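Here is what TrEMBL records for this protein:
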type: ACT_SITE; residues: H175; note: active site, proton acceptor
type: BINDING; residues: G7, A8, G9, A10, V11, G12, D32, N95, V118, S119, N120; note: NAD(+) binding site
type: BINDING; residues: R82, R88, N120, R151; note: substrate binding site
type: DOMAIN; residues: 1-142; note: domain 'Lactate/malate dehydrogenase N-terminal'
type: DOMAIN; residues: 147-299; note: domain 'Lactate/malate dehydrogenase C-terminal'
Amino acid sequence: MKVTVIGAGAVGATCADNIARKELASEVVLLDIKEGVAEGKAIDMMQTAALLGFDTKIKGVTNDYAATANSDVVVITSGMPRKPGMTREELIGVNAGIVKSVTENILKYSAEPIIIVVSNPMDTMNYLTYKTSGLPKNKVIGMGGALDSARFRYYLSQELKCSPADLNAVVIGGHGDTTMIPLIKHATWGSKPVVDFLSEEQQKKIVADTMVGGATLTKLIGTSAWYAPGAGTAAMVESILRDEKKLISCGVYLEGEYGQQDISLVVPVVLGRNGWEQIVELDLSEEEKAAFQKSADAVRTMNDVLKTL
Ligand SMILES: NC(=O)C1=CN([C@@H]2O[C@H](COP(=O)(O)OP(=O)(O)OC[C@H]3O[C@@H](n4cnc5c(N)ncnc54)[C@H](O)[C@@H]3O)[C@@H](O)[C@H]2O)C=CC1
Ligand SMILES: O=C([O-])CC(=O)C(=O)O
């Protein structure tokens, strides 16, 4: 199996590292536009192979798309990250052009890869990739929900003083500070609803902390996060390449599901060798449905911005 990661920055390199350590693919190609960066990081990672004992071959290239030929999965992380005080949406002007040209280049060498879109604003970049690529909708998948759900489990585990591994908790909606919807009423610890253990105040804080999880880290670090984003993306690659059929919140193109059309939003999907194989429709309350509609309206406004670029 071959995976290409476009963008050898913080998220792309971390994702490639996770894929190699877990030997999810025999070959990983890391591509960046900056001369030498992907080559250097690939060699650095390959020099951990003797220490960590993996056999995946990582190759770095500068803008050489021929090296990406016949990839099974392509991860797009190329583009600008936000700085403290910015929203993800403010990146659209720079990142839309990058994501569009990268998608076109990928398809010159790989006929029908599964593309995972990470670049922000993710919901709109995933929509753009779907529209640009002409790929079947199940092969264009946005990464955001895997990360946001992991953050949700982290904040829940801190408050409940339990292992995040024992929590089932899902974020849907958009991958934005105000568009993501941590479904706290659906979250369980073991099979017990977490709300049975948390005050209203605790619940509100967990939801709010999850929603601004990315912004909090951007403020602390000075650029956006990469360890959990890299791991979240690799978890999606794993479920796809190993055909695990894991239920993971992902950005997918909706055609009627959750009452939405012609938009990419984050919902729980089954991820397997064919990409996303099934959308799972949760039983949402009226309040949750209204929040989903509000997120859809905001994401649609961003998608409309694409027409002006
Ligand atoms: N969806 C999500 O959950 C997350 C999304 N992100 C987004 O991922 C993107 C990358 O973030 P970082 O890795 O932290 O940024 P970074 O700045 O460390 O890396 C981005 C890389 O993209 C490269 N690049 C730029 N234009 C390119 C092109 N045309 N072709 C190939 N490579 C190109 C740059 O040279 C740079 O090495 C950002 O847009 C960020 O907002 C980051 C974390 C989570
Ligand atoms: O916060 C950002 O800009 C990067 C991102 O999407 C995240 O870490 O959730």
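Note that Cβ sites are derived from N, Cα and C of the backbone, with glycine treated the same way.
The domain 'Lactate/malate dehydrogenase N-terminal' (1-142) scores a mean pLDDT of 98 in the predicted structure.
Shown in sequence order, L31, D32, I76, T77, S78, G79, V118, S119 are the residues of the chain, 6+ apart in sequence, with a C-beta less than 8 angstroms from the C-beta of G7 (NAD(+) binding site).
Here the candidates are the binding-site residues R82, R88, R151. The one whose C-alpha lies nearest to that of V11 (NAD(+) binding site) is R82. The shortest Cα-Cα distance from N120 (NAD(+) binding site) to any of the recorded positions (R82, R88, R151, H175) is found for R88.
Sequence-distant neighbours of G9 (NAD(+) binding site) (same chain, 6+ apart, CB under 8 A from its CB) are D32, T77, S78, P81, W226.
When the binding-site residues G9, V11, R88, V118 are checked against ligand 2, R88 have a Cβ within less than 6 Å of one of its atoms. Under the three-state DSSP scheme, V11 (NAD(+) binding site) falls in the helix class. Distance from the CA of H175 (active site, proton acceptor) to the CA of R88 (substrate binding site) is 9 Å.
Calculated from their C-alpha atoms, the gap between R151 (substrate binding site) and H175 (active site, proton acceptor) amounts to 12 Å. Mapped onto three states, the DSSP output places V118 (NAD(+) binding site) in coil. H175 (active site, proton acceptor) falls outside any helix or strand according to DSSP and counts as coil. Comparing Cβ neighbour counts within 10 Å across the recorded positions R82, R88, R151, H175, the minimum falls on R82. D32 (NAD(+) binding site) falls within a strand segment according to DSSP. Taking only the Cα positions, the spacing between H175 (active site, proton acceptor) and R82 (substrate binding site) is 14 angstrom.
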